[in-house]
Amino acid sequence: EVYFKNLSKQKQKEVMEKNGNNHKLRVCVATCNRADYSKLAPIMFGIKAEPQFFELDVVVLGSHLIDDYGNTYRMIEQDDFDIHTRLHTIVRGEDEAAMVESVGLALVKLPDVLNRLKPDIMIVHGDRFDALALATSAALMNIRILHIEGGEVSGTIDDSIRHAITKLAHYHVCCTRSAEQHLIAMCEDHDRILLAGCPSYDKLLSAKNKDYMSIIRMWLGEDVKTRDYIVALQHPVTTDIKHSIKMFELTLDALISFNKRTLVLFPNVDAGSKEMVRVMRKKGIEHHPNFRAVKHVPFDQFIQLVAHAGCMIGNSSCGVREVGAFGTPVINLGTRQTGRETGENVLHVRDADTQDKILHALQLQFGKQYPCSKIYGDGNAVPRILKFLKSIDLKEPLQKKFCFPPVKDNISQDIDHILETQSALAVDLGGTNLRVAIVSMKGEIVKKYTQLNPKTYEDRLELILKMCVEAASEAVNVNCRILGVGISTGGRVNPREGIVLHSTKLIQEWSCVDLRTPISDALHLPVWVDNDGNCAALAERKFGHGKGVENFVTLITGTGIGGGIVHQHELIHGSSFCAAELGHIVVSLDGPECLCGSQGCIEAYASGIALQREAKKLHDDDLLLVEGMSMKKEEIVSAAHLIQAAKLGNTKAESILRTAGTALGLGVVNILHTVNPSLVILSGVLANHYVNAVKDVINQQALSSVKTVDVVVSNLADPALLGAASLVLDYTTRRIY
């Protein structure tokens, strides 16, 4: 890590020497509307905060300067940025011809501005027609272009404009792995692509805890409660204006019928927006008691409004991108965002002939709370972008180079641009210790933290949050991108809701505990929770002997006995989440009492607790220690002493272990006759002591059709943490959003 940091500093030093020791990078940021400013503002603040490296010029054009759209240039002034130039470039008319004329007007006015500013680099955002004019002007005037949010896929003409700007741009900052792959497929130079995440997430992920009730009341009224209102934001689709206006009418009808307080934002300046405003006025939205219609909401306040809304509806990219950071339900209407990556909080209504389909979607989504999604960013985009800007060598040739197929491998060979490893935060809640680890996609434990597991619920949850926050912060330093949090815990778990239903006796105060909500809220990450036995099976499926095996069973032999069943490549949970409680298979009607209250369970014979109980009995009768063994007076008798005594020839210890192995073997035979797996994996500290006994019992007791089953000992060093990581890595990499 130190080596990488020193190398990075050295490269930046070399770049500054090449560019001239006293030369600051002159950066021109051009913003056209309220939406792109929300993405550009965090970068502008970052540039302004480092005057020793950068000079910032701000150019404002487009709908920022139109009264009907809120004169949003004022929020740039309120953020204390000096606006160098204001360019009135919008030709009114709000139709296709007006958009073309606006591009032409911008192309006429921009050359004079760029000649005066002479920037080293221009930062252009997104896919608007104004941005195309900016990129065209800069490219023809030999000014380097950094394009933000290239490579993404959506509906309408925006796709074509976005990809056209990509071809003009010299450098690219993208938000998702898929966008990066699209840029590479478009023959862009991989060394000039930065996967940074969305800059707006740097602000989003620190915003939710601010005072929000005053903001909600200001925009929606004094009587409105959180999660009990709707935010609506719908724009025209320029490739099918007539249909998008019809969809807007149906949306308003559905919202009127749904009868909830709704904040409606005016559409953008695209062709068709004038007709949409007419529809709003025709339906009396501006005077309806349930509606508040506004031209503009400052981004800081807009964040709070969508974060605490019962639902957002419309076709804005904000709905499928930024709102996922809060887990707010979203209804995405029409085709404008087709192709965008979305979290599970987004419900799509691709087409609607009546208001009923939209109304049904509102009934399904309103008031729900989803896990927070970080598909588009992790809150660290701006530091990455600033580092990328500092690495630009102005002495390099300006002419772009395209990397035609075969495409370079997606891992950069430039040590300064090593891409972060997709990773998970894994949490293991054991009876004694609480462990948190950063686990890579390949199953490497990059960093691990261990603390004693507190006895009370409050202290335990506080420690989990503290350790996870610490690990998530460290992940940035070790080049890891955290995709989510996976939690392995003892007891019965509802993985759909992320709730521990009933705990084992080893973990106190751990029943009816919602783990997903507080951890997801604190980290702004999706959270998955499952039983430790199920997690062990998932670890084997992804990293161990179970990889590629369709049907197998994992048995954990440790303090207790647990396990997981994988059938047709999927984990079995059961109707009440009680499947695979393998330790409580009864193998004797009059056997020893189990911690569950029953008698004759496998766990009562073969668990570490059971062996410790038998070892204490032998020790109390002076029958445990044999020649070659010794114990200190204060030393606690454990299962390890029983195993050691058996190895040294203690016949009674040997008999106890033989009985334990037989009990475990009988349980495995029952499993074979029930689910018929092709593989049984023994995991845990006692697995090596039981494997031969289990094989013997199968040969003696099992039906001939299942005797061919393979019984192996796990080769995974830490199945609990790897299994918790698998909850995240399996879900996030196989799901098609």
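Cβ atoms here come from the backbone N, Cα and C positions, even for glycine.
Remember, TrEMBL labels are computer predictions, not curated facts.
Here's what TrEMBL has on this protein:
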ACT_SITE  Asp532  active site
BINDING   Arg492, Thr504, Asp532, Glu581, His584, Glu603  N-acyl-D-mannosamine binding site
BINDING   His584, Cys594, Cys596, Cys601  Zn(2+) binding site
DOMAIN    53-390  domain 'UDP-N-acetylglucosamine 2-epimerase'
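Averaged across the domain 'UDP-N-acetylglucosamine 2-epimerase' (53-390), pLDDT for the predicted model comes to 91. Proximity note: of the listed recorded positions (Arg492, Asp532, His584), His584 have a CA within 10 Å of the CA of Cys601 (Zn(2+) binding site), given in sequence order. One way to see the shell of the Zn(2+) site is to take the Cβ centroid of His584, Cys594, Cys596, Cys601; the remaining same-chain residues with a Cβ within 8 Å of it are Gly583, Val586, Leu595, Gly597, Ser598, Ile602, Glu603, Ala604. A count of other CB atoms within 10 A of each Cβ picks out Cys601 as the most crowded of the binding-site residues Cys594, Cys596, Cys601.
The binding-site residues shown are Arg492, His584, Cys594, Cys596; of these, the one with its CA atom nearest the CA of Asp532 (active site) is Arg492. Calculated from their C-alpha atoms, the gap between Arg492 (N-acyl-D-mannosamine binding site) and Cys596 (Zn(2+) binding site) amounts to 13 Å. Reported as a whole number, the C-alpha separation between His584 (N-acyl-D-mannosamine binding site) and Cys594 (Zn(2+) binding site) equals 8 Å. It is 7 Å from the Cα atom of Glu603 (N-acyl-D-mannosamine binding site) to that of Cys594 (Zn(2+) binding site). A straight line from the CA of Cys596 (Zn(2+) binding site) to the CA of Glu581 (N-acyl-D-mannosamine binding site) spans 11 Å.
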